[in-house]
Protein chains: 2
Amino acid sequence: MMNWKEWRHITKLDPDKVLGDGAIAEIAASGTDVLMLSGTLDVTPEKLADLYDQVRDSGLPVVVEPADPTGARFEGMDLVFVPTVFNAAHPMFVCGLHKEWVQHFPIDWNKVVGEAYVVLNPASSVGKLTHAKCDLTPEEVAAYAVVAEKYYRMPVFYIEYSGTYGNPAVTKAVSEAAEDIVVFYGGGINSAEKAAEMGQYADAIVVGNAVYDAGPAVLKDTVKAVR
Amino acid sequence: MMNWKEWRHITKLDPDKVLGDGAIAEIAASGTDVLMLSGTLDVTPEKLADLYDQVRDSGLPVVVEPADPTGARFEGMDLVFVPTVFNAAHPMFVCGLHKEWVQHFPIDWNKVVGEAYVVLNPASSVGKLTHAKCDLTPEEVAAYAVVAEKYYRMPVFYIEYSGTYGNPAVTKAVSEAAEDIVVFYGGGINSAEKAAEMGQYADAIVVGNAVYDAGPAVLKDTVKAVR
C-alpha cells in the first residue's frame, strides 16, 4: 500500500447500501487510491463483513472508518480511521465513545489513524447524530485544524460536508493553516469540476454518495481531476 | 530547567489567592521542582502578572496553566500547560476554547504542553464549571488515559481531585495503563503519607491548596515523600 498520506482520492463505501453487479470491478479500475468502508447509521458487523468480502479482492487497499466502537474491525483492514467530531454538541463524540472503545474492545494501535472531523452539513446523518454546530466561518474551521494538529497532534483533519457540496473557502483556509496534518475533504463531489476545486486545497478528496447516485463511472472523472 | 517529564513534585499557586510574607522563599527552599500558576476562577492577566512578579526570581521554573484563552501568558513562562477536560459535559472544555484561543491569540507552540484532565471532584470549581461527570470507575479513568496517549498523542494525563484527596486505585489503574504519557495527580495532598501514596503511582504529584491552608511548611514533607 502506498503511504496513506499520499492518497489523493478516497472512495467511501457504505456497508448499509447496495452496489450493483460489476460495481466493485468498475470502482477498482477507476484509479481511486483506497476503499474506505464507512457509514453513520445502521452499520452492523455483519453488513461490514459482507462489504469487506465484496471488496477484499479488488486489489485496492481497504480501510474502515467506524461510527462507533462496534464498527472498528481490524481483521483484513489495512488501517482503521477513527473519527472524532470537534464541533459535536456532546463530548461523547469527541472522546467519550473512544473511552468506551478502549474499555471494551481489543485495539491494534499500529493500525489506528485519528481523524479530527468538523461536520458542516446539519442535515446529514452525522450532523444530526452529533448535533454538530455547523455555522462556522472558514477561520473557525481552520482554527480547529490547528488545534487538531498542534494541540492534539492528530494525523488527519477531515472537512465533512456529507451529502452536500461545501464552501471551497473553508477548504482553502484549512489548507493554509495546516502544516503537517493531512486534510481530507468530503461532501457532494460528483463531477470533475468539483473534484478539482476541492482537490486543489485538500490533500485528498472523498467521493461517496456519487458512487451510489450517479454510478461508479463518475469515479474515473473525479480521479483524473486530482491527478 | 530539568526535563519537565522528570518532575516529581509540582507546586500550584493560584493568582487569585494571597501568599504571606516570606512564603515564596519558603516554597523555593522546599525542594519542589516547579511553580505552576493556575486557578479556575477569577484569574485575570493582572493577577497572573502580579504572581509572576512575585515568583520570577525564586530560582524555580515557572509555568502557567490557563483556565481559558485569556490566561495563556507566554512572556517569562518556561512552559504553558494547556488543559482539556475529557469528562466535561460540553465540548467547549475539550476543544472549543482551544479553537477560540487559536483564532484570537498568538501562540508559541514550542512552549505548549497539552494536558488531558479527568476531573473527579464534582464540588470543586473546575468540576462545577465543566459539569464534569465524576462518577467514573478506575477502569474508565484508565481508559481515558489510553485515549489521551494513543489516540490524541498527548504528553500529560492529569488526575484532578481538586480540593479533595482521591482514590489511589484510580491513580494506580492509570499508571498501569499509561505507557509514555506522563501522569500528574492533584488533589488533597497535605501530608507526607498522602504524597507517598499517590506518588508511588503518579509521575508527579501536585500540591496546591495545602500551601495556602497549612502554609508552605507542608511542602518540604510532601517533597521528601516522593524522592
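Every residue gets a Cβ built from N, Cα and C, even glycine.
Of the listed candidates (B:G59, B:G71, B:G114, B:G188), TrEMBL assigns B:G188 to the same sn-glycerol 1-phosphate site as B:K12, B:Y158, B:I159, B:E160, B:Y161, B:S162, B:G163, B:G208, B:N209. Taking a C-beta cut-off of under 8 angstroms and a sequence separation of 6 or more, B:K12 (sn-glycerol 1-phosphate binding site) has the following same-chain neighbours: B:M36, B:L37, B:S38, B:E65, B:G186, B:V206, B:V207, B:G208, B:V211. Sparsest Cβ environment among the binding-site residues B:G163, B:G208 (other Cβ atoms counted within 10 Å): B:G163. Within 10 Å of B:D14 (Mg(2+) binding site), judged by CA to CA distance, lies none of the binding-site residues B:I159, B:Y161, B:G163. Cα-Cα distance from B:Y161 (sn-glycerol 1-phosphate binding site) to B:T40 (Mg(2+) binding site): 13 Å (rounded to the nearest whole number). B:T40 (Mg(2+) binding site) is surrounded by 20 other CB atoms, counting those within 10 A of its CB over all protein chains shown. By a simple count of nearby Cβ atoms, those within 10 Å, the most crowded of the binding-site residues B:I159, B:Y161 is B:I159. Distance noted between the C-alpha atoms of B:T40 (Mg(2+) binding site) and B:G163 (sn-glycerol 1-phosphate binding site) is 12 Å.
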